[in-house]
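S.K.: Checked TrEMBL, it gives:
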- 1-344: domain 'Aminoacyl-transfer RNA synthetases class-II family profile' (DOMAIN)
- Glu84, Gly85, Thr86, Arg114, Gln128, Glu132, Arg259, Tyr263, Tyr264: L-histidine binding site (BINDING)
Amino acid sequence: MSQHIQSVRGMNDILPGEAEFWDVFEETVRSWLKSYGYRPIRLPIVEPTPLFKRAIGEVTDIVEKEMYSFVDSLNGEPLTLRPEGTAGCVRALIQHKLAAQQPQRLYYQGQMFRHERPQKGRYRQFNQVGVESFGFSGPDIDAEQILMGARLWADLGLDGIKLQLNTLGQPEERANHRAELIAYFEKYADVLDEDARRRLYTNPLRILDSKNPALQELIVMAPLLTNHLGSDSMAHFEGVQQVLRDAGQPFEINRRLVRGLDYYNLTVFEWVTDRLGAQGTVCAGGRYDGLVEQLGGKSTPACGFAMGVERLVALIRESGGEPALEGIDVYLVHQGEAASRLAPRVAEGLRDQGINVLFHCGDGGFKSQMKKADASGAAFAVIIGDDEANAGQVMLKPLRANGEVQNEQRRVGVDSIADEIMNSFLDWEEA
Ligand code: ATP
Ligand code: MG
């Protein structure tokens, strides 16, 4: 007996019922992005492996153990399914000289791939919406991107998503802190786990991002970067906070917030909820002024963030959100030869007028078709038998108005069905 082939572990199907929530989410996100002047960019899912190694950093969870990398069997090229979107976006920016003339505000969305242990809110294929700006160096854009987040949560009807903020300063400032960190963690080498011990001399800042509960006490007591920050870094951070305070946006400064990718500097932030269990970060980002140059482009200040769509959709559902998508207006019932010739033309004619029609396909008497019409959620049944068809008419039967089941039905001419339906909708709206 052959076994059914299942989807790859951690890579999920989004079925009807859930997928409508995604549609609503994506529509909301698109108009929100437009309201801030962000423009779409569509990027490949597969990129050369060295892109991610150089951008994200060799000593990071993603590059060390989470990437789906493979060799193109036809030409031997090392390739990787993208684990995040910023690296590809910067590659495209450089390749097409997008930032040469003017600053850019860009967004993308789509699947990302990380070989993590699947659990609630953590998958191997997941979706992000990513927002990136290039060519702005001041704290105003950082603050704008943070306030954008707040507006989206409101647009999606979500509350209780809290903002955490930190600054990572500049690479020179981090170098001094690094020495202090190494000295500190060396004293506790026997407490460190394998990852932390390996990173002690290559990337000690990464230890602060460890999720290992056994290390948390040590991490809380670790020396802070703050003491090494110069006045420019402090001023930038203060500038971001000023805009947030003026906008009435609450935030918490979290000195331990470091982010899982190496390319960040200055501002970093996360949006966190306590309603999703352990995987509570729904959105994260910050400034990465060095990355464009690091990938071979002209030095360009940059700032961006990415949100986890699965986690946000889960939060929308958890908050009792309803997908308010347009439903079906008409179920088209037909029986008989003349009726079945007329019916497809009636359906197309209604769609020409912007009416959503579910056409009865296959056999079935009037009674069973009417049952399906009732179950479809349509506002009307348009019923065509041979009598009606020969007279150039249909039966229009309201199924429900404003949630109430309707009964009275009437015959109307084929040419006036759309008008009749539209007028009924208007009447119902007024009532
Ligand atoms: P985490 O600390 O949860 O591992 P991260 O720091 O690795 O997150 P980023 O690379 O900043 O996450 O990605 C931005 C957002 O994408 C995260 O805040 C989260 O909402 C989402 N995300 C990241 N990894 C996954 C995953 N494996 N499954 C689902 N969503 C994810
Ligand atoms: Mg991660």
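Backbone N, Cα and C atoms are what each Cβ position is placed from, and that goes for glycine too.
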S.K.: Near ligand 1, which of the binding-site residues Thr86, Gln128, Tyr264 are found, taking a Cβ distance under 6 A to any of its atoms?
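M.R.: Correct list: Gln128.
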S.K.: I want to verify one value. Collapsing DSSP to three states, which class is Thr86 (L-histidine binding site)?
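M.R.: The residue in question, Thr86 (L-histidine binding site), is helix (DSSP, three-state).
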S.K.: Within 10 Å of the Cβ of Tyr264 (L-histidine binding site), how many other Cβ atoms are there?
M.R.: 25
S.K.: Which one of the binding-site residues (Thr86, Gln128) has its C-beta surrounded by the most other C-beta atoms within 10 angstroms?
M.R.: Thr86
S.K.: How many other Cβ atoms sit within 10 Å of the Cβ of Glu84 (L-histidine binding site)?
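M.R.: Within a 10 Å radius of the Cβ of Glu84 (L-histidine binding site) lie 19 other Cβ atoms.
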S.K.: What span in Å does the L-histidine site cover, taken as the longest CA to CA distance among Glu84, Gly85, Thr86, Arg114, Gln128, Glu132, Arg259, Tyr263, Tyr264?
M.R.: 21
S.K.: Tell me the Cβ contacts of Arg259 (L-histidine binding site) under 8 Å, same chain only and six or more apart in sequence, or just say none.
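M.R.: Those within reach of Arg259 (L-histidine binding site), by Cβ under 8 Å and sequence separation of 6 or more, are Leu168, Asp209, Val268, Glu270, Ala284, Gly286.
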